[in-house]
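Asks: The structure is given below, and queries will be raised subsequently.
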């Protein structure tokens with residue numbers, strides 16, 4: 001029955017763009033982009049950059065290499081401060097606080113996991129309220145104040161953090177300030193509420209008939225539009241127009257834009273990839289806990305010179321530097337010629353390579369532990385095996401970081417919508433956090449199972465009576481399983497499709513001029 005023959009009009013009757021609507025007594029195209037209240041939701045012409053006082057400023061005076069160098073040095077010093085504590089913490093717990101090896105490894109994992117979990121809090125505050133600059137400044141200040149509780153041995157880390165904070169503040173006049181895009185949690189909730197309220201509504205087969213605002217920018221301030229995708233099609237119900245959505249004030253808990261729906265889709269699509277990276281973080285976590293404990297019971301002397309077990313992490317740092325150069329200068333050009341991709345390989349492929357190298361690192365650590373146990377001398381705590389046998393496992397972990405963590409950071413930053421960019425970047429840190437918690441849980445489970453029947457377990461207080469090699473091989477097996485799952489998740493994933501805007505072209509042109 002035609003709409004003109006009856007005044008009954010069901011809520012789940014969807015409207016299409018350009019469709020004649022006799023119910024309203026006129027031939028009107030439902031121009032989704034012309035409603036007055038949309039003008040209150042967007043501001044098409046505004047500066048996305050500002051100075052320290054949040055006032056628009058000519059971008060030629062902001063950013064550039066001077067600010068970038070300050071941030072690089074700041075990041076280097078902040079990393080030194082963090083890892084200066086992290087890699088020595090396990091020995092502090094075992095030698096000063098007298099914890100056994102398994103408990104110390106768990107304590108380090110929980111501490112590191114909690115630290116990295118704070119990145120999600122920082123990302124939320126950065127995207128929603130404070131902006132990136134204020135969030136960085138406050139969180140670095142908190143680190144400096146908290147570090148004062150450590151013993152004298154950690155004062156170097158505290159000093160490094162203070163210098164990093166001062167350098168960060170010095171660059172304040174030259175930074176580009178991206179305005180916060182508002183709290184994303186209500187936007188996500190609105191999509192799911194709208195879907196529930198329109199569960200019986202039929203979704204148009206053509207994505208162009210879904211609701212979207214007019215102009216180059218989306219209704220989410222500071223965010224570009226995201227083009228419609230076919231994944232999670234049930235969420236499109238939230239952007240499907242019905243009679244109740246036309247005319248008068250639109251209810252954001254009933255009708256959402258395509259970009260708002262796609263923002264939720266992006267989060268859901270990134271979630272499987274994120275979960276698959278957690279096992280790799282379990283591999284990475286061992287470098288600050290079990291690797292150090294393993295090195296502490298090896299021969300660490302060269303003549304009269306003693307090599308601290310924690311200092312072996314220097315090989316990880318050197319490996320990162322070397323393999324970064326190899327990747328940039330050799331891997332990218334070579335693979336680029338094979339694939340036709342200017343990046344050489346995609347971020348997802350890069351992360352997959354990192355997973356496999358991480359697996360090899362665990363195998364190398366297991367082989368080293370087998371050799372260490374074979375050379376244990378009765379009556380001596382330390383094995384006669386040289387600590388330099390650990391070099392391969394540290395080097396492999398460093399190489400895997402170049403592929404996994406750098407690729408992971410690039411992937412989440414590129415695939416996160418503009419409104420939640422900081423959240424996307426923080427997923428890399430959250431992966432490390434969850435990896436630490438999983439590592440702690442894994443150690444706990446292994447010790448419960450392997451200490452039955454009065455056995456010492458795989459990671460006892462006396463490592464010479466344990467089998468830490470089996471724990472390494474267990475992680476290697478879990479990484480292999482994780483790689484298979486990751487492979488299928490990566491094959492299924494479809495990237496975000498952003499709509500090109502005038503602002504984007506303008507910003508890219510300004511960036512090219514700065515460089």
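Positions of Cβ are set from backbone N, Cα and C atoms, glycine also.
Bear in mind that TrEMBL entries carry predicted annotations, made automatically and left uncurated.
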Asks: Transmembrane segment per TrEMBL: which of the ranges 16-41, 42-67, 68-93 is that?
Replies: 68-93
Asks: Look over the recorded stretches 348-367, 387-406, 427-451 and say which has the most C-beta pairs under 8 A to the transmembrane segment (304-327).
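Replies: The stretch I would name here is 387-406.
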Asks: Hey, would you say the transmembrane segment (348-367) packs against the transmembrane segment (427-451), going by three or more CB pairs under 8 A that are 6+ residues apart?
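Replies: No; fewer than 3 Cβ pairs under 8 Å.
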Asks: Quick test of the contact rule: Cβ under 8 Å, at least six residues beyond the ends. What residues does that give for the transmembrane segment (387-406)?
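Replies: Contacts of the transmembrane segment (387-406) (Cβ under 8 Å, skipping residues fewer than 6 from its ends): 277, 280, 283-284, 287, 291, 294-295, 298-300, 307, 309, 312-313, 315-320, 322-324, 327, 350-351, 353-355, 357-358, 360-362, 364-365, 368, 371-372, 428.
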Asks: Report, as numbers and ranges, every residue of the chain located at least six residues beyond the transmembrane segment (427-451) whose Cβ falls under 8 Å of a Cβ in that stretch; write 'none' if there are none.
Replies: 102, 105-106, 108-110, 112-117, 119-120, 270, 274, 277-286, 289, 405, 408-409, 412, 416, 457-460, 467, 471, 474-475
